[in-house]
Amino acid sequence: MAKEKEHINLAFIGHVDHGKSTLVGRLLYDTGVIEDKDLGEGEDKFRVIMDTLEEERERGVTIDLAHTKFETDNYEFTIVDCPGHRDFVKNMITGASQADAAILVVAADDGVMPQTKEHAFLAKTLGIDQLIVAINKMDLVDYDENRYEEVKQEVAELLKTIGYNVDEIPFIPISAFEGDNVVEKSDNTPWYDGPTLLEALDNLEPPEKPTDKPLRIPIQDVYSITGVGTVPVGRVETGVLEVGDTVRFEPAYTATGGRKGEGEVRSIEMHHEEIERAEPGDNIGFNVKGVGKNDISRGDVACHPDEPATVVTPDDTFIAQIVVLQHPSAITAGYTPVFHCHTAQVACKFEELIEKIDPATGEVIEENPDFLKTGEAAKVRIRPTKPMVIEEVSFIPQLGRFAIRDMGQTVAAGMCVKIEKEE
């Protein structure tokens, strides 16, 4: 059996209407994943795929995942999310769809737009280090090299201020609708001698599996299976889980004073097959002896007792760096929205606004600001209203990032930079 190709999770980011859905459709079509019968009519022929996914998501239908995977010579790609999707920003942050790389789509006619900036900033904040810039809709500017260079320059300046190394980022003139430079090299851009989009994807670096870090498995669901017992389900973020290991679930264990939430792993299952060991990226169900279905819940994190997950209780605080994405008025001290961190959702209080920061450079603009408005970044002190697991982003980034939600929208995004345990 041939070794499976390495796997990369890919996000498509960029301003609304710059052609992300069309590009996804074009990629899937040109790589043979979808056929003519899957396409729509006229201008929207490629968008249909993403629109269908969108509707299925909205209705809560299980998505046909075959339509979100494609292969290059070196890799198998999964398209983890497409913006435009209501919860895109939340998903991007909470790791429901942790991307390893992203394609930033910028329309040649519009250039950089507000969401171009927001998505690029988020990608950097979320640790997406590998970026490819697709300058799309070249057909609308008659494949003009000068216009391409203008937009390229504009995007490069933006990415530099955010902290990307622009020399390592491929910029590619494409037309998703016409198919130029997506999979096939285009005759319409004789002035361009770089890779096609597919070639650039094939040149990405594979993500490193953090197997040497302590075990962390945020729990998505807990099932009770007759004849088996309690089966928590989740994705291994860091470390390795083996049959026979003792695992502890936090904050369940701490919250019950150690009475509940620890047991022995009897079996591990992935894709309906039993496995002996699970690594980062594996979505697994595992049976734990000595843990009842009601002892643990979504938002708990499985870890090894000798390297337990960090629990922050209402007696503790943590310092976070956040950026306000959309707040109707302003955030002040005392504000208590819901923090979505890995699979946990916990109301947390803004204890103190420490300093306002320039989102591009990270420099301090103002000490102890009175409030924070949309577009501003800050360092803040946060106190959870109940125990939760969160890690410092420098230690375990997968569990250090969060989205802040209120009024049905993502208000802010951020990361935990320092945990302050009560002495």
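Quick reminder: no glycine exception, Cβ is built from N, Cα and C everywhere.
Going by Swiss-Prot, these are the annotated features:
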BINDING   14-21, 81-85, 136-139  GTP binding site
BINDING   S21  Mg(2+) binding site
DOMAIN    5-211  domain 'tr-type G'
REGION    14-21  region 'G1'
REGION    60-64  region 'G2'
REGION    81-84  region 'G3'
REGION    136-139  region 'G4'
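Sequence features, as recorded in Swiss-Prot, placed on the structure.
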residue : record           : DSSP class
G14     : GTP binding site : strand
K20     : GTP binding site : helix
M138    : GTP binding site : helix
_Contacting positions for the region 'G4' (136-139) when only residues 6+ beyond its ends and CB under 8 Å are counted_ = 18-19, 22-23, 105-109, 148, 173-178, 180, 188-189
*Give the distance between the Cα atoms of the residue listed as 'Mg(2+) binding site' and G14 (GTP binding site), rounded to the nearest whole Å.*
11
*For D17 (GTP binding site): intrachain residues, at least 6 apart, with Cβ closer than 8 Å*: A107
*Please give the average pLDDT for the domain 'tr-type G' (5-211) in this predicted model.*
81
*Cβ neighbours of G14 (GTP binding site) where a neighbour is any other Cβ within 10 Å*: 28
*Take the Cβ of the residue listed as 'Mg(2+) binding site' and count every other Cβ within 10 Å, whichever protein chain it belongs to.*
24
_Which of K20, M138, all binding-site residues, has a Cβ with the fewest other Cβ atoms inside 10 Å_ = K20
